[in-house]
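> Got a structure here, written out as structure tokens. Questions coming.
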Amino acid sequence: MQESGYVPLKIADPALLFAELGRQPLPGMSLEEMADLMADLGEPRFRAKQLFQWVYQKGVKDFDAMTNLPARLRQHLAGTTMLRLLEKETEQHDRRTGTTKYLFRLADGSQVESVLMRQSWGNSVCVTTQVGCRMGCTFCASTVGGLVRNLTAGEIVDQIVMMQRELPQGERISTVVLMGSGEPLENYDHVLKAVRLVHDPEGLNIGYRHITISTSGIVPGMRRLAEEGLPITLALSLHAPTDELRRQLMPVARIWPLAEVLAAAREYGEKTGRRVTYEYILIEGVNDGPEEARQLARLLKGALAHVNLIPMNPVAERPQYRRPGPERVNRFKEILESNGIATTVRREMGGEIDAACGQLRNRAQRKHMGR
């Protein structure tokens, strides 16, 4: 059912891009699809599992590395398929936090950002689901320039595979968050296929409970995801405790009021048994005061909830918004916790990289345009 005022995203399927290139992308194919490919080539079914592992688990960049495949098959695949869908353009390191941000180029020349965070408990990655974004959140760099296109499931998964390759031998990615540029629930089919591929034991083998999907509050998508029966963590970008303020910050709030968004979030928690994470960006003088904290506490009272506070990262394209000082951040957190709301403050990426999502891509585009 179409919600009043909401026009579902209607753009060409990104998979058509590869049809135009005349090569079939291997990233994005399920084990069953690879089995069909092998059958079409007259190969035994077990070759599909071998190929699947080379593409996802081992992440090789050259068909010659697939040593357990016959030379004739490797040669055929090299001429008719694409093994990797991304090319690393640049990277930024923050030595203090062990965070690396990557800028990848896609087959059509588009660029996307991904982040690898190395931590004591494991390695996590933040990946992008769209080139650009049409949500129009006023504090976000990703929306500058609007939406270009959806990513395919293969392009989403390949970000993870490429970052897995960057880790020392013996280390692996343990947590995936789909919280980069774009609205994942507007690219639902490709995102869900990517999640299933990431989970596959023959591939990256990352448990559903270690995968998070973020949304700005696309209510039909939230309800649909709840019906999937997957124990994925849902992260809802809330960012304001009232409809009036949320509409100012997030155009999507003009379609679904807070009551409807929160009802969908509670439904998700009830159906999956997973605690919903509420993302809340703190903007100095806009939504970071004690009254906003008390309003947020009342809003989430009794819900299976965890609030993740995100002090505003500087965004060149959004100079009107500033980051609050530590005292205001801590005061906001204390008010929530005193009301029984589990709350954390997001770990800093650090000042050595463009921390805000979308910054690296925007800078590269400005450089390309000579600005």
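Note that Cβ sites are derived from N, Cα and C of the backbone, with glycine treated the same way.
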> Of SER214, SER338, which does Swiss-Prot put in the S-adenosyl-L-methionine site with GLY182, GLU183, SER237, LEU238, HIS239, ASN313?
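Among the candidates, Swiss-Prot records only SER214 at this S-adenosyl-L-methionine site.
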> Going by Cα-Cα distance, pick out whichever of the recorded positions GLU113, GLY182, SER214 is nearest to CYS133 ([4Fe-4S] cluster binding site).
GLY182
> Can you grab the distance from CYS140 ([4Fe-4S] cluster binding site) over to ASN313 (S-adenosyl-L-methionine binding site)? Cα atoms, rounded to a whole Å.
9
> Which chain-mates of CYS137 ([4Fe-4S] cluster binding site) that are at least 6 residues away have a CB under 8 A from its CB, listed by sequence?
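Once residues fewer than 6 apart are set aside, CYS137 ([4Fe-4S] cluster binding site) is near THR143, SER216, SER237, HIS239, LEU249, MET250, PRO251.
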> Starting from CYS126 (disulfide bond), work out which of the binding-site residues listed here (GLY182, GLU183, LEU238, ASN313) have their Cα within 10 Å, and give them in sequence order.
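The binding-site residues passing the 10 Å Cα test: none.
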